[in-house]
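Features of the protein shown, as given by TrEMBL:
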TRANSMEM  12-33  transmembrane segment
TRANSMEM  45-63  transmembrane segment
TRANSMEM  84-106  transmembrane segment
TRANSMEM  126-145  transmembrane segment
TRANSMEM  166-188  transmembrane segment
TRANSMEM  194-210  transmembrane segment
TRANSMEM  217-236  transmembrane segment
Amino acid sequence: MLERIEEGTVGLKLAIIVGLLIGLTGFGFERIGVDGPDLIQEGSFHWRSVGVALGLVITVQGFETSRYLGSEYDAETRIRTMKISQWIASGVYLVYITLITVFLSIDEVPNSETGIVGMTRLIAPVLPVLLVVAALAAQFSAAVADTGGCGGLAQEVTHKRLSARTTYLLIGAIGLVVTWTADIYTIISYASRAFAVYYGFQCVVALLFARKTGKGVAVAFFAILATLALLIVVFGRPAE
């Protein structure tokens, strides 16, 4: 049942995101046509920005929900869905960041938790409402995906001594505590570090397997990724 509901929310979310990107593109080219191109914006660099970037780098993560649906889908289908979802998420982030950077000035991008919602009013009056709907759909999808993934992982690691339902209860309780005790930027940083630890361990496992099979290039690649994960855990910090 949750899977069917999530399919609807994901479809709604992707439709709104595509609409946002198309609207932002049209808005940008219209602005260029009126004011002329202004692609070089004055800015400044601080080393603290590196830590903030590390705190955000895991926001584009692999979606592993289908990994734990082995009883319903074959391995090839599950692997393909994980790869496709990763490419879609990465593409959306890269296109969005590029459009925002090129078409909007620094002063037009507010530094607040909900600033992005109000900013889209420049593009179309209806976009703030649609983005709120998309955010709710996205959070529902993420909650179902991450909860299901964590429940499956807990069963796998504990050899089913810890049930999925018990894991869901623990996740919900921890989520409530974190939500009410930290701001949005701190939560993103916490999530980034947690994912970095998880993916770091995966990189180490992949590195050992590649070393065992004699794949030198793969060993170097996974070593770099594991090092990046360690840097995120140590130096990642929230934006303020």
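Cβ atoms here come from the backbone N, Cα and C positions, even for glycine.
Here the transmembrane segment (194-210) sits against the transmembrane segment (217-236); at least 3 CB pairs are under 8 Å, leaving out pairs fewer than 6 apart in sequence. If you count C-beta pairs under 8 angstroms between the transmembrane segment (84-106) and each of 12-33, 126-145, 217-236, the highest count goes to 12-33.
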